[in-house]
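Asker: Please see the structure below; I have some questions.
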Amino acid sequence: MENMQAVNSFDSAPVDFHNDPELAKFIHRFSQSEDDVARYQDGYRKLRSWAYGSLDLYKHELLHVLYPVFIHSFMDMVAKGHLQEVGYSESNFDKTLFKAFREDHELMHSCDLQKLEGVLSQSHLESKVNIKICQYSYDLLLQYLHKTQSTAMLGVINEHINFQANQLNQKEIHWGLLEDSLEERLEKAGGLLSDSEKTEEENEEGDVDETKKRSIEGGKQGSSTKKSTEVEQSILEDLRNRVQLSSVALPSVSFYTFLNTYNGLNCSSISHDGSLVAGGFSDLSLKVWDMAKLGQQGGSCNEQVLGPNGGKRSYTLFQGHSAPVYSTTFSPLGDFILSSSVDTTIRLWSTKLNANLVCYKGHNYPFSPVTRIWSMDRIQPLRIMAGHLSDVDCVQWHANCNYIATGSSDKTVRLWDVQSGECVRIFIGHRSMILSLAISPDGRYMASGDEDGMIRTWDLSSGRCITPLMGHTSCVWTLGFSCEGSLLASGSADCTIKLWDVTRSTKVPRNEEKSGANPNRLRSLKTLATKSTSVYSLQFSRRNLLFAAGVLSKNM
């Protein structure tokens, strides 16, 4: 196995940590000591325990040291003839270094580990490994090795690892919005009117109608042009009728409740205009309800089939996955829907044709610490983001599509550069797995919700937590910013939706934080309680109407 790759590699110049005179003196002091196999096993075990017990802010960097140390400790023992101790003797199975700690690295490096079992010479693994680490993390590691006199581990690190400088959360973030968006063009043209200007606009309806007629006539030159014009007109209408929300002007809420799902509903999503509601189920199916048709039938959002022997349904059934469906999301116009499943595939469906268009493959496991990005016109992923220490549980695109945020069971949120695949920010502060993310429309702020009910708001530029928002008593499944970014809505397994004043949350005076009043109560504007329905998903429409969906508890 040649040129084993490091967990993190990059092009920046390495920091000359190895010219440390203290380090050289310390290694020389033990250079003539016996090659005791127990020193490798005991040294790696202690280093592993120390790395996992380190501060959250530096743990992700220190854990990256473990894999190359594990590999080169194994190779040193092989080179010195200790074959039984590294794992080639079944009688010594439980005490071997390789067998004892292989599981730690199996998920991320299974192929390398399989090759490593056949390596019997140190010459097979000659190149040094580059690891990105900040100066303070390096100092912590060196201090630990000195204090514990872990000579075997120190020798492996000095001989086989190059540490390179990492300026934690220092890379510049280009959070500006995309140019020439429809909304931007309307603002430049004065198309977005305030409430006081809407009355004047109504008096000019004749002119507007004439403009629409000309647009439609021009669209007759081709069906695609006509459709584009209709879509733009629809969006324009939504933007002109957008309600400006604030702490004194809260949104209207439309809530969809799933009934009789028999614990089979895993996820739900709502189209941007609220006309379609989708659910992913444990019976391998994706089901989509058309709210307009459902209203005409006078029915309810019910999972059951209407009529005997699989007769007429109140929903459109999409089948194709071979395992439970755990995530669904609509395209901005609602004409497509994506679903992901435990079968490790992602499927693209057409809500117009009611058919599966593409099956995207690339994941090796249903749950993984690795994030993959696809383009709709290619079935193989274009980018792979690796860095989380545990499963990725939620993802969220940045408003300008240059970045993607991922929340993980390792209690961190990472922001990735889509072009380079590099992690540019790490957000640390949660004490449980992160289940939901939302990024503000202006691209400056992010909100994250965890399993304990804690919500944190972040400044993407600095990577710092602005404020924690406490109030939920159970998992926060979903988050959403209003269109102008002034309000944040959160939905939880505690059967409530909470509305938060984000503008106040980002501008809390220090003297107010030190006062006796609870600052979180000042930011929480309203709590909307359901009878007994966990909130699975929510989002604001272009008109700032809040849509939400959830499943009725079986205890009702």
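Cβ atoms here come from the backbone N, Cα and C positions, even for glycine.
These figures come from a predicted structure and were not determined experimentally.
TrEMBL lists these features:
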type: COMPBIAS; residues: 198-208; note: compositional bias 'Acidic residues'
type: DOMAIN; residues: 35-161; note: domain 'TFIID subunit TAF5 NTD2'
type: REGION; residues: 190-230; note: region 'Disordered'
type: REPEAT; residues: 318-350; note: repeat 'WD'
type: REPEAT; residues: 385-426; note: repeat 'WD'
type: REPEAT; residues: 427-468; note: repeat 'WD'
type: REPEAT; residues: 469-510; note: repeat 'WD'
Asker: Could you break down the residues of the repeat 'WD' (318-350) into DSSP helix, strand and coil, giving a count for each?
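Answerer: Breakdown, helix to coil: 0 helix, 19 strand, 14 coil.
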Asker: What is the average pLDDT across the domain 'TFIID subunit TAF5 NTD2' (35-161)?
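Answerer: Averaged over the domain 'TFIID subunit TAF5 NTD2' (35-161), per-residue pLDDT gives 73.
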Asker: Six or more residues out from either end of the repeat 'WD' (385-426), which same-chain residues have a Cβ under 8 Å from its Cβ atoms?
Answerer: 7-8, 10, 56, 59-60, 63, 108, 168-169, 171, 173-178, 367-373, 432-443, 446, 448, 450, 458, 460, 463
Asker: Mind checking how the repeat 'WD' (427-468) divides into helix, strand and coil residues in DSSP?
Answerer: 0 helix, 24 strand, 18 coil
Asker: Could you count the residues of the repeat 'WD' (385-426) that DSSP puts in helix, in strand and in coil?
Answerer: 0 helix, 23 strand, 19 coil
